[in-house]
Amino acid sequence: MEPGNYTVVTEVILLGFTEDAIIRAILFIVFLIIYSVTLMGNASIIMLIRRSPQLHTPMYLLLSHLAFVDIGYSSSVTPIMLKGFLRKETFILVSGCVAQLCSVVTFGSTECFLLAAMAYDRYVAICSPLLYATQMSSTVCILLVGASYLGGCVNAWTFTGCLLNLSFCRPNKVNHFFCDYSPLLKISCSHDFSSEVIPAISSGSIIVVTVFIIALSYVYILVSILKMRSTEGRQKAFSTCTSHLTAVTLFYGTITFIYVMPKSSYSTDQNKVVSVFYTVVIPMLNPIIYSLRNKDVKEAMKKLMANTHH
């Protein structure tokens, strides 16, 4: 924002997607359904893993935490977005914006770390099966999960720390459906170079490091699979990785669009669409992806349903 006369404000206005009341009503119904499916799908994954002894393995422990993170990620954004569909503009206190951004960044960053941990788990299972029990022990799993949440919190601290040092001025209208960092910077009358660079370096580092771990894991996995003589063994190894690769491609494909591509190459509306995809749609798709192509999950679900009916 250009320097000059301004009035510091304590709340911001989220403009959402559209001013058209009919479109807002349709979007409200669509995203309410998506949010309901997200909550039910991910909660079902968590309950299924907890209640199925055959799923008490490192792979499914990580998956249960991914499901929990997806619930938190979607819940950080969707309720405010639904509220915005009921009115033209959504008023939110700056403190509320800080809390929402902190939650979004925490869960989003934690998801990156968990996806990397899951790639490492698949690497150990396929490339070093005899060492799996020691290299993916319960202690190692707890450390991986704890480090994932800690990494998410640290990254969120860099964003919220910078945001708390900013002042916001009129016009205090944010052209977005939630308190994302970049749109908030546009209405700040006090931001400097560091408030742009520090969060970018922090989030960029997480993306680069986790993508490197995932890519390296799958290079070794691919080499190991190609060395297998058994066709059945190859198919089994590929099937255990397909769901994870699909989830990784969807998640990193969208956040790369946001954080890597030059801002001038896409519009604010395109930014909103991509943001909806990775904060709202992907958390709904993950439990479907991991359920449809996973024999263990399908079998556990059948057993649980059979036990429930008896």
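Each Cβ is built from the backbone N, Cα and C atoms, and glycine gets one as well.
Relative to the membrane, ILE126 and ASP180 are listed by Swiss-Prot as lying on separate sides. Of the candidates ASN42, ASN165, Swiss-Prot records N-linked glycosylation site for ASN165; the remaining residues carry no such annotation there, which does not rule it out for them. If you look at the transmembrane segment (100-120), the same-chain residues 6 or more away from its ends with a CB under 8 A from one of its CBs are 59, 62-63, 65-66, 69-70, 72-73, 76-77, 80, 92, 144-145, 147-149, 151-153, 155-156, 159-160, 163, 178-181, 184, 203, 206-207, 209-210, 213-214, 217-218, 244, 247-248, 251, 255, 278-279.
Cβ environment of CYS97 (disulfide bond): VAL12, LEU163, CYS179, LEU184 lie under 8 Å away, each six or more residues apart in the same chain.
A straight line from the CA of CYS189 (disulfide bond) to the CA of ASN165 (N-linked glycosylation site) spans 11 Å.
Only residues 6 or more beyond the boundaries of the topological domain 'Extracellular' (76-99), in the same chain, are considered here, and those with a CB under 8 A from a CB of the stretch are 9-17, 19, 24-25, 27-28, 31-32, 34-35, 38, 107, 160, 163-164, 168, 173, 177-179, 184, 279-280. Long-range neighbours of the topological domain 'Extracellular' (155-196) within the same chain, counting only residues 6 or more positions beyond its ends whose Cβ lies under 8 Å from a Cβ of the stretch, are 1, 3, 6-9, 11-17, 76-77, 80-81, 84, 89, 92, 94, 96-98, 100-106, 109, 202-203, 206, 263, 268, 271-272, 275-276, 279. Shown are the recorded positions ASN165, CYS189; the one with the most C-beta atoms within 10 angstroms of its own C-beta is CYS189.
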